[in-house]
Amino acid sequence: MKPYKHDFIEFALSRNVLKFGEFTLKSGRISPYFFNAGLFNTGRDLAKLGEYYAQAIQASKVEYDVLFGPAYKGIPIATTVAVALANKFDVDKPCCFNRKEAKDHGEGGNLIGSPLKGNILLVDDVITAGTAIRESMEIINANHAELAGVFIALNRKEKGKGELSAIQEVERDYGCQVFSIVDFDDLIAFIETSEQYVPYLSKMREYRKKYGV
Ligand code: OMP
């Protein structure tokens, strides 16, 4: 595993962002682990999180015009990624996010920040079954923009609606690549070499058998 992936998993564990136990997911699946990106919530941690994404975005060489962070968890992520791209890589990109509630006064509309135009780089926390990402695609399509790529922190590598992974379905349906800082296999590789977390290995493997791809 690349050192930055190992560091990122340790970072997530140290902030309780990554936890082991029993969790009911949005999709109804019962998972032996959960990734709660909302617990990256101090200035320093958010700055560090943005740098992990920015580094991965730069390494991917994906071309895009605007960063889009879907409400709610994508909002601070897109913001800190835009700041990290500017500060660390001298790349100054516009950033946009949506509100979930329609607004009919003031500036109106459901988008805040830059217009959602051109090639969009969507940044979010996690993809499990792919529901959240499809909702974001409706917003991108409604604005006649194109999806350039998707960046998430954790790819859970789970089945989507059929036998393909949720991410393979997104890549097939929207013709874009999905990148992540770490994925389920990285978590397994990390646990295998960690005395503290090795007791969770069997439940993780069981879960992969049931929902993994
Ligand atoms: P899907 O919409 O099924 O792809 O699930 C993605 C969403 O589920 C994320 O945007 C989160 O709101 C939530 N989630 C997590 O935050 N972390 C996890 O480890 C798992 C989920 C989840 O419920 O699947």
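These residue numbers are counts, starting from 1, taken along the chain as shown.
Just so it is clear, glycine is given a Cβ too, placed from its N, Cα and C backbone atoms.
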Given that TrEMBL assigns F34, F35, T128 to the orotate site, pick the one from R15, R99, R156 that the record assigns to that site as well. R156
Restricting to the domain 'Phosphoribosyltransferase' (48-161), report the mean pLDDT as a whole number. 92
In whole Å, the longest Cα-Cα distance within the recorded orotate binders F34, F35, T128, R156 is 11
Spatially, which candidate from the binding-site residues F34, F35, R156 is nearest to D125 (5-phospho-alpha-D-ribose 1-diphosphate binding site), comparing Cα atoms? F35
The correct DSSP tally for the domain 'Phosphoribosyltransferase' (48-161) reads 41 helix, 32 strand, 41 coil
Could you find out if DSSP has K26 (5-phospho-alpha-D-ribose 1-diphosphate binding site) as helix, strand or coil? coil
